[in-house]
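Colleague: Here you go, one structure.
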C-alpha cells in the first residue's frame, strides 16, 4: 500500500506534528512495515502565473504565444500545449530554471518570437510518470482556483510536496490498506484521549432509490448503491488528482476518480455505472449462464456458468464483483446519471474469479481478502459525505446488508497478565484503546473483526507495551505501569545515544517461528510463547532474540540492492514468562564516524568492546568479558572463536560475535564480508541512573576514540615486561587520555587481560583513522615482542 502523508494529515490533522521516523515506529507497532519512504525531487525557481492572452504563433501552427502575468508584469512565453487559454493559473519555470531532466530554461527566439520561460506540464515536474495520463504528459497544468498568484512554492498545489510511505500490511488486516483504518489503529494506541467518531451519520435520513436490490447472502454481506443525477463528467481537481497520482493510480474523470479515492481512504473497492444503461433491478449472485464479457480494460472474457460472483442487471453481467466492470455500462463523457456501488463479497469467490480469468486489479487485490463489515458500512457512509463535499448532489440511496453485531470476546484479566508476563491494569488499558466491557466479556472496536480470543487481546496489549515514548501530544498516560523509575527516560536516551553514534534505528516484528527461536536462542530460553491464531508458521511464536530478524532486514535490503547500514533496535521480548528488554547492534559495514574528518572504522571485536565500554560507563555499571562457553549446540550462527560473552554481576547479559559465513550464505548475504553483532539484555541499564551529564544531539563534535586490546600470557611469562611496555605508551604519549585494565579472565590456564585506551583526536596530527590504527598496531607489535598473544 502507498500511504500519502498529505492525505493522512488532511483527514487526521493530529498527525501533522508526527515525524516520518515517529510514524514509521508507530506503524511498526501495529504490524505495518514501512518498506520505503518516497520523496519527490523539487524543481526550484517556479512561480504561479496567470495566462492573460493567447495567440497563434504566426510561423508555427502548433505553437501559441501566451502572455503570462506574474511578478507584476506580462511575460511572453511560447507554448505548444493545446489547453492553453486566458484565465488559467499555471506553473511557470522562469528563465534560469534547471528542470529535472537537465534542461536549462533560457530566454530564446522561437521562429521569430522571443520566449521568456516555460509553462509546465505535470510530467515535467516529476520523475514518477508511469501513472500519468495523456493530460498530465501533453497538457499544461491547470491549477485549481485557490492557487495564489506569484506563489513561489507551486508544487504544493499538485501534491509534489507530499511524502509517500510504501507499506506492507498484515494479511489478516486487509482494512489497513485504507487511510481511515490505519488512523483508527494509531489514534487508539498513541492518542487515547482523542475520540474517534464511529457514527454513520451520512447514511441516515437518505431518500431511498427506486432501484431494487437482490443479493445472495452466502456471497454478499452488504450491497449498497448511491444515485447521483445530472453530473458533469470532467477532469478532477488537483486535490483529488494529486492523491491518486501519488498513490499510483491514473486519474480518469471526476466520477471514476472519486471511486478510486474512496477506496484509498477506506480500503473498500467502489464502482460506478452509467445508470441509464442499467435496469430497474440489480442482483448479486453467481452468473447463471456462460457469457462473454467486455471489460473496462477493453479485453473480452468468457465467464463460465456459475464461475464468478457477478453484479447483474437486465440479465447481463454489469460487473464482476470486486474485480472489474463492464465496458458497456461504464462512465463516459456523455454520462448524465451515475449509480455508485459498494459491496462486501465472499473473498474466496473473488479470488477464484480473478485467478481463473487472469484479471488483476486494485479492486481484486482488496476484494480477495476479508474486509470487516463495519468498514464496508463506513466506506458507503464516507462516499455519501465525499460526494456532498464535492458539491455532487446525492438523489437517493439503497442498501441491503447483514446487521452489525458487537464482537464480544471472553475476558480474564489474570490469564492476560500471565501471558504478558507483567502486571498492568488490563481493563484500564483496553478501555483506553477503544475496548468496552459487557459483563465478563470485552467488546472490541467496531471495525476489529479480526479479534477473536484472549490471545488476540494479549497481542493488542503487547503493541502498547512495545510502544516507545515518542513525546507526542496529547499522550499523557502510560498503558503499562513499569516498575522502573528511569525506564522511559533511559529507553529514549539509548535510542538517541546510538543514533548519535551513527547507527540506524530499525523496528522488526515481534513474531517468528519456533525454528528461528531455537536456532538463535542466545540466552537459553526454555519456553517460547505461541499465539493461538497465527497468520503462518513463520509468525506463530513470540521471539526470544533480535538478531534473527536483523539478518532478515539485511537480507531483504541486499536482495533489493539497497545500501546496508549498521543498525540497532531496542525492544521488549516475551519469553520464559518474563518481559526482557533487548538491545541489538548489527554491523555489516565499516562504521562511518563523521566526528573525525569523515573517517571509517573497521568493525571487529575491539570496536564492539569500545562501544560497550562507553555504554556501560554512561550507566556506571561494571561489566566483564569472557570467552564464549555457555552456548547450546543448536546455536550455529555464532563464530565462538571470534566472539565473547558479557557479564554483569556474574550474570550473562550479552553476546558479541562475528556471524558465521554459513549463516550469511543461508540469508543470501555476501559471506566474504564479515558481519558482527552484539545483543544485550538491558533490564539493568533501563533501571539505572545515568551517571554522567551527557547531551545527545545532532551536533557532530570530536570525541575521544575508544579502543580495547586483549592479550593472554602463559603462566610462566613475566607480566612486568608487559607492564613496562604499557607504561611507556601511557607516560610518553600525551595523546592518551585514558589507559587502564578493563577486565581479566582465565581460559585454558592462561590469564587474559583487556586494556581500554582513549585517544584524544585533538592531539593527532592528521586526525585520521590511519594514524590511530598505526599507534595501536605499534603497541601490539611491542607487546608481541615481549611474548604476549594478542586476541584479535
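Keep in mind that glycine also has a Cβ here, set from the backbone N, Cα and C atoms.
For reference, Swiss-Prot lists these features for the protein:
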- 40-156: domain 'tRNA-binding' (DOMAIN)
- 404-472: domain 'B5' (DOMAIN)
- 450, 456, 459, 460: Mg(2+) binding site (BINDING)
Colleague: Given a separation of at least six residues and a C-beta threshold under 8 Å, show me what packs close to residue 450 (Mg(2+) binding site) in the same chain.
Modeller: 172, 173, 372, 456
Colleague: Other residues near the Mg(2+) site, CB within 8 A of the CB centroid of 450, 456, 459, 460?
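Modeller: In sequence order, the nearby non-listed residues are 448, 451, 452, 455, 457, 458.
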Colleague: Under a criterion of Cβ-Cβ distance under 8 Å and sequence separation of at least 6, what residues of the same chain contact residue 460 (Mg(2+) binding site)?
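Modeller: Those within reach of residue 460 (Mg(2+) binding site), by Cβ under 8 Å and sequence separation of 6 or more, are 430, 433, 451.
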Colleague: Which residues, sitting 6 or more apart from residue 459 (Mg(2+) binding site) on the same chain, put a CB under 8 Å from its CB?
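Modeller: When sequence neighbours closer than 6 are ignored, residue 459 (Mg(2+) binding site) has 531 within Cβ distance under 8 Å.
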Colleague: According to DSSP, does residue 459 (Mg(2+) binding site) sit in a helix, a strand, or coil?
Modeller: helix
Colleague: With DSSP as the reference, give the number of residues of the domain 'B5' (404-472) in helix, strand and coil.
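Modeller: Helix, strand, coil within the domain 'B5' (404-472): 27 helix, 9 strand, 33 coil.
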Colleague: Along the domain 'B5' (404-472), what average pLDDT does this model show?
Modeller: 81
